[in-house]
Amino acid sequence: MENKNRDITEPDEMIPNSANLCDTVRVRVERSYISKDEIGNVNDTLLFDVSPEMCPNDNVNNANWTNISREEISSDLLEADRKCSSKDLNEVLTELKLGKFHVIMLLLTGGGYFAACSEILVFVFLSKPAKKEWNLQEYEYPWLPFFSGIAGILGGYVFGTLSDRYGRQIPFIVSIGICCVFGLGSAFAPSFALLIAIRSMVSLGVGGLEAVDFVLLLEFLPPLHRGSMMVAVTFFGALGAILTGGLAWLIIPTWGWRWFVGASAIPSIIIFILRLFIRYESPRYLFSSGKKQEGMKVLKIIAIKNKTNLTNVEIKCETSQNKGHICDLMSTGLRGRTITMTLVWCLQSMGYWGTTIYLPEYLDSLGVDSYFNMFTILIGELPGLVLAMILIEKHMLGRIKCLRFFSLGTSIALLLFAFLPLDFLKAVVVVVCYFFMVPIYSILNAFTPEIYPTRIRSTAMGWANIVIEIPGLITPFVGAVLLSSKIKWLYPVVWSVNFFLQFLCSFGFRVDTAGENLIGQSGASQPENHSKKIETNIGELHPANM
């Protein structure tokens, strides 16, 4: 309630029907004096939720009381204000419920991941036409995914740490902007070397987008809906992959690869334009940064769009100045989960890209229409994601058991793919492989940011992006060796073993986060001298010029 030496004439806009706690009524008090200890006049505006018996002369609806002193306002007013409950930000988000605002954020972040996945898979379909246009040797083409992977590592690190230090929305906008500019520009590459350079810039943007996208949505969500909503983002990503597969099937044989690359950049252009006009910062980031007024404004917007009430409570949140340091991931209390997370992500990336990069050529060697079959494979991801959306929640398998289920399923499906005798059966079973394989990304994208505190949440996702890019530096070369082998079953068996190892590593995770509150600033390892708790009373002081 302290507000010394401020000159404030207008309160922030109040939310209709927001004062419904403790049977109180919202009144506005413009005061010039409230404490005998203050020297001189203090001009400011207070918003109080008070019961009628506390108000002088029964003027509870008077919205313009002036020169009210402590003697004229019952001392019980402040006491009543203190007695109103205080709640954690997770509880407030739960009370605001899942609604229209969250649908908007899902469309924006899901659209971002749609664009990212559309761009990621482009080079999978460029292998054959690029080799043909520039007469590339067998081991020259892997340099494209190699340098793209290095750029993705840089993008994940830079944008992840910037997001934890300066907010989520600006890194999101910049990264999607990079994707759309260079994604479109790569269609005009005159040489393979320039194609590598321009597509590497696309990967820089994709790396940044993956580090920020999931965290931005996560920090708006009520705990009970986080799992399904985060899987829904990956569902958008699968649609982006399907779009790329469909465009490759329809465009490359007829119009050529340049039209295909240009068309694949359209989703990122659309999302970039939308994000320029629809910009919401994470309330959790704002409160944890001490920007409580900005955080309150975001909560008000959520309440209005969801048509819910923002009750008179104190919002408890911790602030920290120690943000975005990647070395904190290996600090005491976080080291174990970071090592396990790193291994699981690494094996996921190695297995997915090891299976996918040369799959079109592998299917060609079996006499199957590779472009059409890749399109059907990508469609096969969707039922798996729907199943993951159901199983990931607390009342079903939860995060960890769901991860184990899909890892083991992928390993078994790849073994069947290796040893089934008929080629058309292989074409069917490979769809089952992706049914199990792709949802693992959705589970990890939901689980990873949940196990880290707010101050390094995007940094953790940036680290995950670094981890998944590292295998991409070597799997193209490994895949080329496996593809050239005369042992046809060797290619899928190697990656089947990879996913079984991922299944074993998942037992390193100890605590499931399904339905639980997000970790605050301190987490397991936050030093006390770096953080302090702030409490924001929604019904207390709303200055216009703070």
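In case you wondered, yes, glycine gets a Cβ from its N, Cα and C as well.
Annotated domain 'Major facilitator superfamily (MFS) profile' per TrEMBL: 104-514, in sequence order. Annotation comment: TrEMBL describes 103-126, 141-160, 172-198, 204-222, 229-251, 257-278, 339-359, 371-391, 403-422, 428-448, 460-483, 489-509 as transmembrane segment.
Among the recorded stretches 103-126, 141-160, 172-198, 339-359, 489-509, the one sharing the largest number of Cβ pairs closer than 8 Å with the transmembrane segment (403-422) is 489-509. Beyond its flanks by at least six residues, the transmembrane segment (141-160) meets 123, 126-127, 130-131, 171, 174-175, 178, 192, 195-197, 199-212, 324, 326, 353, 357, 458-466, 469-470, 472-473, 476-477, 480 of its own chain at Cβ-Cβ distances under 8 Å. Between the transmembrane segment (428-448) and the transmembrane segment (339-359), three or more CB pairs separated by 6 or more residues in sequence fall under 8 Å, so the two stretches touch. Sequence-distant contacts of the transmembrane segment (204-222), counting only residues of its own chain at least 6 positions beyond either end whose CB sits under 8 Å from a CB of the stretch, comprise 90, 93-94, 96-98, 101-102, 105-106, 109, 112-113, 115-116, 119-120, 151-160, 163, 168-169, 171-172, 174-179, 182, 229-230, 233, 268, 280, 282-285, 302, 445-446, 449-450, 454, 457-458, 461-462, 464-465, 469, 518. Of the Cβ pairs linking the transmembrane segment (371-391) with the transmembrane segment (229-251) and spaced 6 or more residues apart, 3 or more are under 8 Å, so the two regions touch.
Per-residue confidence over the domain 'Major facilitator superfamily (MFS) profile' (104-514) averages out at a pLDDT of 83.
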